[in-house]
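Annotated features, as they stand in TrEMBL:
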- 33, 65, 85, 86, 87, 117, 205: phosphate binding site (BINDING)
- 186, 228: purine D-ribonucleoside binding site (BINDING)
- 27-263: domain 'Nucleoside phosphorylase' (DOMAIN)
Ligand code: 6GU
């Protein structure tokens, strides 16, 4: 992205609001691998179109990342739902990765819900279950911020939103998400390292978007769907198809959870 990325995000937000016929959005949701069909549970879908029609967005690269943006009305709440995201491993840099969040906050969203597919590092975090992200370890060696933007990441994943989710479903576990650059999965030795570092989940997204959302003053909720057990912790080989399949099976349940969360915001 050549010009100021925040400027491009404001342009994208303006075009989005005008196409959706909405003055301002309240909540943004980013639906990661395995979460896309869960979006259908959120409420009445309004305008929907390929996100790359907006300034600054790239065409999708990976199967299962639909690359659509949808306006949804859920009661009084205006939701902005991204079906798919740009990942760092696509090679377009951090501005491309967080352009969704910057566009959403520029369009008024003060709550950002980030969802993803993750590998589990703990036996209690079972395949097919959503896990509330308590914190992250950003191992991408990148930041979406530039210059003297010393954002406090103490409460990156809002304690209030985490409490709300666990009030809705007290059986949900919480975990620390390790963000890796990908696109390969980890070696068993790297998974042992991540466990030693205090991670419970591993994936290739979310952390940079959460940082960008905090820079804009938004409250962030992170939810991982455990789609597989990480390398060396099970006999099963890892593949992207397994990730998508688990997501499809879990979609109605996690969709109802999201709908319940949005209703109570
Ligand atoms: Cl095991 N690793 C990473 N980096 N991303 C994942 C994953 C594992 N499982 C789902 N996404």
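One-based numbering along the chain as shown.
Positions of Cβ are set from backbone N, Cα and C atoms, glycine also.
Within its own chain, residue 228 (purine D-ribonucleoside binding site) has 119, 120, 127, 234, 236, 238, 242, 243, 246 as residues 6 or more apart in sequence whose C-beta sits under 8 angstroms from its own. Here the Cα atom of residue 186 (purine D-ribonucleoside binding site) is found 18 Å from that of residue 33 (phosphate binding site).
Looking at the domain 'Nucleoside phosphorylase' (27-263) alone, the prediction's average pLDDT is 92. Proximity of the binding-site residues (85, 86, 87, 117, 228) to ligand 1: a Cβ under 6 Å from the molecule is found for 117, 228. Residue 86 (phosphate binding site) counts 28 other C-beta atoms within 10 Å of its own C-beta, drawing on all protein chains shown.
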